[in-house]
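Chemist: Found this in TrEMBL, in case it helps:
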BINDING   Gly495, Gly496, Glu497, Gly498, Ala499, Gly500, Lys501, Thr502  ATP binding site
DOMAIN    493-680  domain 'Thymidylate kinase-like'
REGION    1-21  region 'Disordered'
TRANSMEM  34-55  transmembrane segment
TRANSMEM  67-89  transmembrane segment
TRANSMEM  96-114  transmembrane segment
TRANSMEM  120-138  transmembrane segment
TRANSMEM  181-206  transmembrane segment
TRANSMEM  212-231  transmembrane segment
TRANSMEM  261-280  transmembrane segment
TRANSMEM  292-312  transmembrane segment
TRANSMEM  324-342  transmembrane segment
TRANSMEM  348-369  transmembrane segment
TRANSMEM  389-409  transmembrane segment
TRANSMEM  429-447  transmembrane segment
Amino acid sequence: MTRTDASRPHPAAPQPGASPLSAAAAPFRRLRTALSVSGLGQWLAVPALSAAAVLPADGTEARLRAAGAVLALLVLPAVLLAPLAGALADRVDRRLALLIADGLRFVVVLTVPLVDALPWTLAAAFLVGCLSLLWAPAASAALPALVSDATVGASAGGTVVAREAAETDLRADARRSAARAAFGPAPVAALLFAVLAVIANAVLGASHRTDLPLYATAALFVLAAALTALVKQVPATEPISVPAPLKLLFQGPGLDRAGHGLGLAVGGAALAAGAVAAVARVHTGELGGGDAGYGAVLTGLAAGLATGLFLGPRVLGPFSRRRLLGLAVIAAALLLIVAALVRNLVVVAFVAAFLGVAAGAAWSTATAAVRDPAGETGDESGDRRPRAFLASIALIGTLVAVAAVPAVAGALGSHRLTIGDGYDLDGSMAAQLIAAVLALITGAVAYRRLDDRRGIPLAADLRAALRGEVYVPPSQAPAPEPVRRERGVFVAFEGGEGAGKTTQARLAAIWLRDHGYDVITTHEPGATKIGMRLRAMLLDRDTTGLSDRAETLLYAADRADHVANVIRPALERGAIVVSDRYLDSSLAYQGYGRQQPVGAIARVNAWATGGLVPDLTVLLEVPPADGLRRLSAPADRIESEPQEFHERVQAGFRALAEAEPDRYLVLDASRPQAELSREIQYRIREILPDPIPAGTEDATSTFPAITDV
Ligand code: TMP
C-alpha cells in the first residue's frame, strides 16, 4: 500500500522543482516563522518544566513523581479537552487565538521560576498543555488561510481551473508547513535545553539552574506573539474540527482487524518512547548526568523520532511494510530494555536515539497504511478517522507511559535488587523493563496480525530487502514435498474491484501451463450458458429493485451451475482450476457488503456447491478508492455501489482470510505485478501434484490439454 502522493502529478500543480510556497507572500512567511518559534517554545517547555519540578523534590521517589506528573499534565489536556479547545479555536479569530495562546503561555511559564513552588509548576504544566491545544488547531488553520491570491497567481498563472487546483495544492503544502513548524523544532528544543542547562549550572548555581530554560521558553513565547502580531490579518477560511481521542478510541476507527493491528503497533511504539522520556530526568540524574544529560537523552529521542518519521516510508523499499511495522515496535521494545539496563549516559542517549528511529518509523508506516488519498489534498470529505484513531492511540499510549512508568518506578524505587557484583536494578529500571515487556508483547501480536508474508522466512526476507530485492525462495531449492491428490487442484482469486485478480489469475494459468499442467481458467459469475444470463441480470445497471436475498441466490445459482458443469468435472479429471472469483465473493459482497448474515450465505452456498472449497484462495487487497479508480469500463451495478459498501467488502475479505490463514494468500495489490506473480507461484507450488509424468507426454507427444472456459 505504498503511495507516492508527493510525486502524484496534478494537472495544474506547480512545476516540479519550483517550491510552490517559495513565492509565498510576506505575511505567510512571517506567520510561519512565528509558528516555528512558538513550536520551539512549546517543546522547550517540556524539559524546562519537568526539570523545574524535579529540582526541589527530595529523594528518588519524589523526583520520579514530580517528573511524571509534569509530563502527564502536559499531555492530559490533549486527551480530555482536544475537541473543546478546537471548538474554541474555531470560534475566535485565528490570529487572536495564536496571540492568546502564546501570550498566556509566556505569562504562565514566566511565573514558574518567580513563584518557585511545585504545585504552581504542576498547574503551569496543565495550563501550558491546555493553551497548546488552543494553539495547535489555530496554527494549522491559519497558515493555509494565508495562501493568498498573489501566491496562487505566482505559481499557477493561467486559467480559473489551474488557479483552483494550484490553490488546493498550496493549501495542502501550507498545512504540512504548519505541522513541520509545530513538531519540527522538538529536537532543536531538546538540544537547546541541554546547552542552557550547562550554561545555567555554571552561571546560576545549583539551586536556580532550572530558571534559565524557563526564561528562555517564556522569551520564545513572547517573541512568537510579537511575530504573530506583525501579521495583520488571518482570514477564517479554514474550518477547525478536532476529534475527541477517547471517543475515537471507544467508538472504533472504522478499521478491520488488521487496522487494529496497526493500532496495537502504534500503542506499543508510543509506550516505549514515552517510557524513556518519562524517567529520563531521574534516570540520567542517577547516572550523574543532571539536566544536561536529560537534554542529551531527549535530543537523542527527538532526533531519532524525526529520522524515523522520515525513514519509515523509505527504508528497506521492497520489504513488506506490514512486517516492518511489527518489527519496528519489537525493536523499540528491545532498545528500551537496553536503555533501562545500561549504566552509561552516552550509551543511553544513543540507544534513545535508535529507539526514537524505531518508534518514528512505526508511526509513519502505520499512518501510511491507513492514509486516505483525500487526506493529503485536504479534501474534507476524505475519511480521516483511521489516522485520527492512530493519533489518539499514540497520545493515550504516551499518557499511560508518562503517568504509569514513573509511578511504578517510584513504588518499586526502594526495593533495590542487587545482581552479581554490585549491579543495582532500581525502580526506574524495573519500570522501564515492565513497559518494554508490554511493548514487546504488543509488537509481537501486531506483527502476527499484520504479517502479509506468512510462511516466508523473515531472515531471508530481510537479507533480500537489504539487497533491494523481494525474497523469493530459490527455484533450485528442493521444492516442497508435492501433495499427492486423488483429484486436481482448485485455486480461486478474490479481491475488491480493480485489484488486478483477473490479470494475476491469467498469469498463474500461463505459468502452470508452461509447467505442463492441464489448466482450466474460469470465472464467476457467468462461466456457463445459464451463468451468462444470470451475470447479465446481476450486473446490468438496468436491473432495479433486485432484493439482496434474490441477488444472493442468483449468485449461488450461477455457482451451482459453474461447479456442476465446469469445476467439478475438471477437478475429477485431475486438472488445475483457476477461478477468477468464487464463494468468498458472495460472503464478502452479499454478506459483508450488503450486511446480510454471512453464516446463512455460507450455508446456502455449501449446499449449492456440494461443499466444494478451494485448495488456495489468493486475496489481492487494494484500497477500494484506488481499485475503483483503476477500472476503465463504465461501472456495473455492483461497482457503482457507494465507497462504504466497497470498504465493507474489503474488510469482509480480510476477515475471511484471517479466519483461515492457511488456505489464503493475502497480497497487497499495489505491489509490482511481477512480484505478486512470483509470490503466487511460490504458494501454488506448495499445493501442486506431481507434474504430468514424462511418459504421458511421450505417449501423446503433444502439450497437455489447455482449456479455456
Ligand atoms: P467481475 O467484474 O470481477 O467479473 O465480478 C462481477 C461483480 O460481481 C463484481 O462486482 C463482484 C460481484 N460479485 C458478487 O457480488 N458476488 C459474487 O458472488 C460474485 C462471484 C461476484
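A Cβ is built for glycine as well, from the same backbone N, Cα and C atoms used for every other residue.
TrEMBL does not curate its annotations; it predicts them automatically.
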Chemist: Between Gly495, Gly496, Gly498, Gly500, which of the binding-site residues has its C-beta surrounded by the fewest other C-beta atoms within 10 Å?
Modeler: Gly500
Chemist: List the other residues in this chain whose Cβ sits within 8 Å of the Cβ centroid of the ATP site residues Gly495, Gly496, Glu497, Gly498, Ala499, Gly500, Lys501, Thr502, in sequence order.
Modeler: Leu620, Val622, Gly627, Arg630, Ala669
Chemist: So, does the transmembrane segment (261-280) come close enough to the transmembrane segment (389-409) to give 3+ Cβ pairs below 8 Å, pairs being at least 6 apart in sequence?
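Modeler: Output yes: the transmembrane segment (389-409) sits against the transmembrane segment (261-280).
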Chemist: Near the Cβ of Ala499 (ATP binding site), how many other Cβ atoms are there if near means within 10 Å?
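Modeler: Looking across every protein chain shown, the total is 26.
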Chemist: With Cβ-Cβ distances below 8 Å as the criterion, list the same-chain residues six or more beyond the ends of the transmembrane segment (67-89) that contact it, or say none.
Modeler: 45-46, 49-50, 53-54, 97, 121-122, 125-126, 128-130, 132-134, 137-138, 141, 240-246, 277-279, 281-282, 395-396, 398-399, 402-403, 405-407, 410
Chemist: Which residues of the chain, 6 or more past the ends of the transmembrane segment (120-138), have a CB below 8 A from one of its CBs?
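Modeler: Hits for the transmembrane segment (120-138): 38, 42, 45, 49-50, 52-53, 69-71, 73-78, 81-82, 85-86, 88-90, 94, 97-98, 100-102, 104-105, 108-109, 111-112, 182, 240, 242.
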Chemist: Using a threshold of three or more Cβ pairs below 8 Å, and leaving out pairs closer than 6 in sequence, do the transmembrane segment (324-342) and the transmembrane segment (212-231) count as in contact?
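Modeler: Counting Cβ pairs under 8 Å (6 or more apart in sequence), the transmembrane segment (212-231) does not reach the transmembrane segment (324-342), since there are fewer than 3.
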Chemist: Mind checking which residues of the chain, 6+ beyond the ends of the transmembrane segment (96-114), have their Cβ under 8 Å from one of its Cβ atoms?
Modeler: 34-35, 38, 41-42, 45, 48-49, 52, 88-89, 120-121, 124, 127-128, 131-132, 134-135, 138-139, 142, 208, 210-211, 214-215, 217-218, 221-222, 224-225, 228-229
Chemist: Do the transmembrane segment (34-55) and the transmembrane segment (292-312) come close, with at least three CB pairs under 8 A (pairs 6 or more apart in sequence)?
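Modeler: In contact, yes.
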Chemist: Just going by other Cβ atoms within 10 Å, which of the binding-site residues Glu497, Lys501, Thr502 has the emptiest spot?
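Modeler: Among the binding-site residues Glu497, Lys501, Thr502, the lowest count of other Cβ atoms within 10 Å belongs to Thr502.
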Chemist: Other than its close neighbours in sequence, what residues sit by the transmembrane segment (324-342), given a CB gap under 8 Å and a spacing of at least six beyond its ends?
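Modeler: Residues 261-262, 265, 268-269, 272-273, 275-276, 308, 312, 315-316, 348, 351-352, 354-355, 358-359, 361-362, 365-366, 369, 428-430, 432-433, 435-437, 439-440, 442-444, 446-448, 450-451 contact the transmembrane segment (324-342) from elsewhere in the chain.
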Chemist: When DSSP states are folded down to helix, strand and coil, where does Thr502 (ATP binding site) land?
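Modeler: The residue in question, Thr502 (ATP binding site), is helix (DSSP, three-state).
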Chemist: Provide the three-state secondary structure of Gly495 (ATP binding site) computed with DSSP.
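Modeler: Assignment for Gly495 (ATP binding site) reads strand.
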